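Record features (Swiss-Prot):
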- Cys349, Cys409, Cys412: [4Fe-4S] cluster binding site (BINDING)
Amino acid sequence: MTAPRTLYDKIWDDHVVDVEPDGSALLYIDRHLVHEVTSPQAFEGLRVAGRTVRAPHKTLAVVDHNVQTSDRSKGIEDPESRTQLEALAENVRDFGIEFYDALDQRQGIVHIIGPEQGFTLPGQTIVCGDSHTSTHGAFGALAHGIGTSEVEHVLATQTLIQRKAKNMRVTVDGTLPRGVSAKDIVLAIIGEIGTAGGTGHVIEYAGEAIRALSMEGRMTICNMSIEGGARAGMVAPDETTYAYVNGRPKAPKGAAFDAARRYWESLATDEGAHFDREIRLDAANLPPLVSWGTSPEDIVSILGTVPDPAQIADENKRQSKEKALAYMGLTPGTRMTDVTLDRVFIGSCTNGRIEDLRIVAKMVEGRKVHDSVSAMVVPGSGLVKAQAEAEGIDRILKDAGFDWREPGCSMCLGMNPDKLRPGERCASTSNRNFEGRQGPRGRTHLVSPAMAAAAAVAGRFVDIREWRG
């Protein structure tokens, strides 16, 4: 009789091709997502070696990082970005890979288009040259980012050399209070364990509060597993998962779907399976959260104040937090509800899905963006944009004064024209608040879509639990 296994154990075991004496394993890869930034050198390596792509049908390419989200008829002005986009178009043509270019309605952020196309499925191993590949773990898949040399290896062999990580489980029980979302859950987790807390582990998210989330909410949580230091994040597939996947363009159909579902249902963690680390949170006690520093672990309640680094005993950590406050232009003791804003960014692979945009529209309908704020909403894909427009969400947002954009990574990172100016302070639904992440000397506060929407209207952070509408 085999020992009880975790969700991660089962997927790992099902994909191991060979194990070396040193413990490293050759892992079969089911799905490979490719974008313009981390793939050019990989494709060039294939050309130099005279190799082909082993499984083009298991690879899907899209442009997202460098595409502009304003008028695309003008083309890409930045020469380096333009070169990367042109290189991807040439590479996918030469190697026979399916590709969504900037004019394809299916185009969007790689971690949004994979799930919505049904390319992402439970039980799969999924890789991409992007750290937020962990997003796909929401489907009960083993998904993680890889480097450019590994991108080349997967293209050539459909395998990857890996060492098995440890198992970690984060259980979130209880019911989320009004105004608290999946984004607040994952920020709370990172605030609890720190940005190194998941190092060397794959996290399985479990518990009543996780099960109650939509697939969009689960993707938000798994997306930021990397910010907690983990290799990947996962949620066991269930009825919510199957309902989302069923009918997607690339998902199995009919009897094939039924057979796949029977396998997916076998993936749940066995009773008594061993976890190397366990963390528990009570959802009922969570407030809306906002980041104050330059690390995703720098989290405080909306009703809290900027912490005082002088209270930190560890000298290195104290100096780090003092540096963060200086960069952010904040003073210890400042109430978060007194922090005013210049910009609001709603989008990214963390919070650029239709559920997120519906929440924002509900928050701002009949209201106006504050005079001191420039606010933009960037749908995560062309299909999300089309659905939002069909529901009238774009009209609500534009009437409120939001800039309604084309899909792409946008202001999540400073690799395209959407950037903060030096010193600007932004409420952002993205995943990283590092120095310069959204533009040189830009100041980023991580929040949920509802918190960002309310901040755009108020011109400062507010407690959305008191929001009417």
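Cβ coordinates are placed from backbone N, Cα and C, and glycine is handled just like the others.
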Set of same-chain residues at least 6 away whose C-beta sits under 8 angstroms from Cys409 ([4Fe-4S] cluster binding site): Asp64, His65, Val67, Ile109, Ser348, Cys349, Met415, Asn416
Shell of the [4Fe-4S] cluster site beyond Cys349, Cys409, Cys412, same chain only (C-beta within 8 angstroms of their C-beta centre): Asp64, His65, Ile109, His111, His132, Gly347, Ser348, Thr350, Gly352, Gly380, Gly408, Ser410, Leu413, Ser430, Asn431
Spatial neighbours, same chain, of Cys412 ([4Fe-4S] cluster binding site) - Cβ under 8 Å, 6+ residues apart: Phe345, Gly347, Ser348, Cys349, Thr350, Ser428, Ser430, Asn431, Arg432, Arg437, Gln438
